[in-house]
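Worksheet: one structure, shown below.
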Amino acid sequence: MEAILKIGDIVENKYQIEKLLNRGGMDSYLFLAKNLNLKNYGPVQKKQYGHLVLKVVQKNPKINENNWKKFLDEMVTTTRVHHSNLVKSFDVVNPFLKIVRGNKTIALNQIVMIAMEYVDGPSLRQLLNRKGYFSVSEVVYYFTKIVKAIDYLHSFKHQIIHRDLKPENILFTSDLTDIKLLDFGIASTVVKVAEKTEVLTDENSLFGTVSYMIPDVLESTVNKAGKKVRKPPNAQYDIYSLGIILFEMLVGRVPFNKSINPNKERETIQKARNFDLPLMQATRSDIPNSLENIAFRCTAVKRENNKWLYSSTKELLEDLANWENEQAMIKPANERVLEGQVEIREMMLEKPLAWYFKTWALSIFTIVFIGLIIAAIVLLLIFNARF
């Protein structure tokens, strides 16, 4: 894909490629491009839209024509989605792309290109790496904007589920006063494709990022034809991801010990089904119960906690609006089953009691033995000093 567009290429006589920025969802590539179509723009617009991001996606051979057509239709839909906290899409070109490279004109087929707003600030991931975590007031301010953007997508006439919410897809403006969500178009389309896709055993077929994926992504259902298919996603897919992001913004890490082993992705994703969310107050004493409860309700996918799980982003926004009100903890610390506690318990059960006595006895013997050696050396030094 990197060879398809090169620095200096002029795309559709509108955009000139300046550099490759990054990889995106669905094996797409993001390029920074100069906007050559600014004749009718005023000074402010020229400054704002002088550079755009071009997202380029080439048709995957595994996607059939019907699903590819749906994908193209959804890309056009993204240009109609307008919210202050969503990256704007201005232009969609498909399925042919015309490139001028030097004296050559190249025509590419089975490609879709989306021209999007360029946000020149850092991502949430970059800020987390730099700051560690945010203050409570900062979190409420930014997180509310993120949730409002997702609520808008969920309220759209063809409900759009993002499905890949993570700090890398949350961008800040250069002055850090606002945020923009990225990749909502790509993710929503995959939802439609996934509903008709058979459940695959290949771990890489899972769409999203493991640390932010709700365990429901592993569940399947049987369609009218008796075929096993993936369970259609719903609003709680994004709500769960929001809870993980809220936790990470306040604490600086994801809640579960999710060391990503490519061979154990399913086991990692299931952890939220088996363990409770750790209390953030164990790390920071200034976190109010209200935010503890919001994070808990977003991620309450453990069977016994389902009664607290948010059913919509509107419920979440109501709680965010009242975050300063005093409230009791929904599930106190002594009632939560935490990942680390269970691992220690399981480790102890794997070893017989005699093994622990033997280990402790050996440790005590070693300490006493070393102490005697040190004492002997000290006495010897004292003796030599006197005589």
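Including glycine, each Cβ sits where the backbone N, Cα and C put it.
Summarising the environment of Asp164 (active site, proton acceptor), the number of other Cβ atoms within 10 Å of its Cβ, over all protein chains shown, is 25. If you look up Swiss-Prot, you'll see Asp164 marked as active site, proton acceptor.
Per Swiss-Prot, the feature ATP binding site maps to Leu21, Asn22, Arg23, Gly24, Gly25, Met26, Asp27, Ser28, Tyr29, Lys55. In three-state terms derived from DSSP, Arg23 (ATP binding site) belongs to an extended strand segment.
For the domain 'Protein kinase' (15-344), the model's average pLDDT works out to 86. Sequence annotations record features per position, and here Swiss-Prot assigns domain 'Protein kinase' to 15-344.
Sequence annotations record features per position, and here Swiss-Prot assigns transmembrane segment to 232-252 (among others) based on sequence analysis.
Panel annotation: around the transmembrane segment (363-383), no residue of the same chain lying at least six beyond its termini places a Cβ under 8 Å from a Cβ of the stretch (none). The transmembrane segment feature in Swiss-Prot is assigned to 363-383 (among others); the stated evidence is sequence analysis.
Residues of the same chain lying 6 or more positions beyond the ends of the transmembrane segment (232-252) and with a Cβ under 8 Å from any Cβ of it are 124, 128, 132-134, 136, 139, 142-143, 146-147, 150, 153-154, 159, 161-163, 165-167, 170, 191, 194-195, 208, 211-214, 216-217, 272, 277, 280, 283-284, 287, 291, 294-299, 301, 309-313, 316. Taking each Cβ in turn and tallying the other Cβ atoms within 10 Å, the top scorer among the binding-site residues Leu21, Arg23, Tyr29 is Tyr29. Taking only the Cα positions, the spacing between Leu21 (ATP binding site) and Asp164 (active site, proton acceptor) is 19 angstrom. Cα of Asp164 (active site, proton acceptor) to Cα of Asp27 (ATP binding site): a span of 13 Å.
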